[in-house]
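Asker: This is the structure I have questions about; it appears just below.
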Amino acid sequence: MQQLEFYHIAFLILAVILEIIANILLKMSDGFRRVWLGILSLLSVLGAFSALAQAVKGIELSVAYALWGGFGIAATVAAGWILFNQRLNYKGWIGLILLLAGMVMIKLS
């Protein structure tokens, strides 16, 4: 594995952003009834995995995947709240807190 450099982190950030975009587009596609939004969602997922593949060249897979998934979920929750007026119940908030705590623990290990 190469040494961690800025561009590995940049690819990880890009992967998170593309995952969030994919999730938003998927919601907006209304179950692929709006085909072009569904196709854009799939292309965003492809881009996210491509960026993640570049990120893991310098970041351990377990760390990169945990950060990608965790930040993606947290940001998707925020986007759902802002764009679609979706709210978490208390169990959802507990799950999100546990997820974020788990990301911190993986990063510190």
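Placement of Cβ uses the backbone N, Cα and C atoms for every residue, glycine included.
Grabbed the feature section from Swiss-Prot, which reads as follows:
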- 6-26: transmembrane segment (TRANSMEM)
- 35-55: transmembrane segment (TRANSMEM)
- 64-84: transmembrane segment (TRANSMEM)
- 88-108: transmembrane segment (TRANSMEM)
Asker: Going along the chain, which residues at least six beyond the ends of the transmembrane segment (6-26) come within the CB cut-off of under 8 Å?
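Answerer: That would be 37-38, 40-42, 44-45, 47-49, 51-52, 54-55, 57-59, 64, 67-68, 71-72, 75-76, 79, 83.
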Asker: By a Cβ-Cβ criterion of under 8 Å, what residues six or more beyond either terminus of the transmembrane segment (64-84) are in contact with it?
Answerer: 12, 15-16, 19-20, 23-24, 27, 48, 52, 55-56, 92, 96, 99-100, 102-103, 106-107
